[in-house]
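I have placed the structure first, in the form of structure tokens, so that the comments after it can refer back to it.
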Amino acid sequence: MSIHIAAQQGEIADKILLPGDPLRAKFIAENFLDDAVCFNEVRNMFGYTGTYKGHCVSVMGTGMGMPSISIYARELIVDYGVKKLIRVGTAGSLNEEVHVRELVLAQAAATNSNIVRNDWPQYDFPQIASFDLLDKAYHIAKELGMTTHVGNVLSSDVFYSNYFEKNIELGKWGVKAVEMEAAALYYLAAQYHVDALAIMTISDSLVNPDEDTTAEERQNTFTDMMKVGLETLIAE
């Protein structure tokens, strides 16, 4: 057991999907995994291990924001030996070419957080995805016929930002979307020498306000990213 995860050693696979919403973790376990067993209910942050196409895979919620995902990802890596971590979550489009329900693979993550500067005050350390996972996910998504964008995202510490126009401006610099977790996940992956990737479904748009989705849709219908994430985890 770790501080926030109740699993025993051996109950968590070395490859895992990380949705922010614990109910999305439950949905993935019930709809994609065979023989799924719940290994964590602490703080209702559900985690499950099962098989996908014969491969042992886990899925666990992380909550919202970089502090929350940092807790769970670090414990999964350090205490349970997880080697491949793929975030599957939602994001808001910052780019007029990126639309609701399309996928974004975060090649890198800019951030307004001090999560890196706390360790490296003299550097702007780049938070980047594992190229191996990114390459596999891109080709899998293309083979499945999914509209997929690859590029930078903004990982924000603030959901209700007072710098809305500044965020929009980033879209003009090629930033695809804004979310709240990828930079922290990538930083931990670099620190502990594991592979990480963030796959997001666009749930709303900051540049096209008429494009949005319901809370139920966000929880239960964004299955493309789940398929891509699982296929990427088991790809050789």
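Placed from the backbone N, Cα and C atoms, the Cβ positions cover glycine too.
As the structure is a computational prediction, the values presented were derived from the model and not from experiment.
Here is what Swiss-Prot records for this protein:
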ACT_SITE  D204  active site, proton donor
BINDING   H4, E179, M180, E181, S203, D204  purine D-ribonucleoside binding site
BINDING   G20, R24, R43, R87, V88, G89, T90  phosphate binding site
SITE      R218  site 'Important for catalytic activity'
Practice prompt. Name the one residue among H4, E179, S203, D204, R218 whose Cα is closest in three-dimensional space to that of R87 (phosphate binding site); these are the recorded positions.
Written response: E179
Practice prompt. Please classify the secondary structure at R24 (phosphate binding site) using three-state DSSP.
Written response: helix
Worksheet, complete the sentence: Cβ neighbour count (10 Å, all chains) around R24 (phosphate binding site) is 23
Worksheet item: What is the biggest Cα to Cα gap, in Å, among H4, E179, M180, E181, S203, D204, the residues listed as binding purine D-ribonucleoside?
Response: 31
Fill in: For phosphate, whose listed binding residues are G20, R24, R43, R87, V88, G89, T90, the greatest C-alpha pairwise distance in Å
22
Worksheet item: Given the binding-site residues G20, R24, E179, S203, which lie within 10 A of R218 (site 'Important for catalytic activity') by CA-CA distance?
Response: R24, S203
Discussion item. Please identify which of R43, R87 has the densest Cβ environment, defined as other Cβ atoms within 10 Å, among these binding-site residues.
Written reply: R87
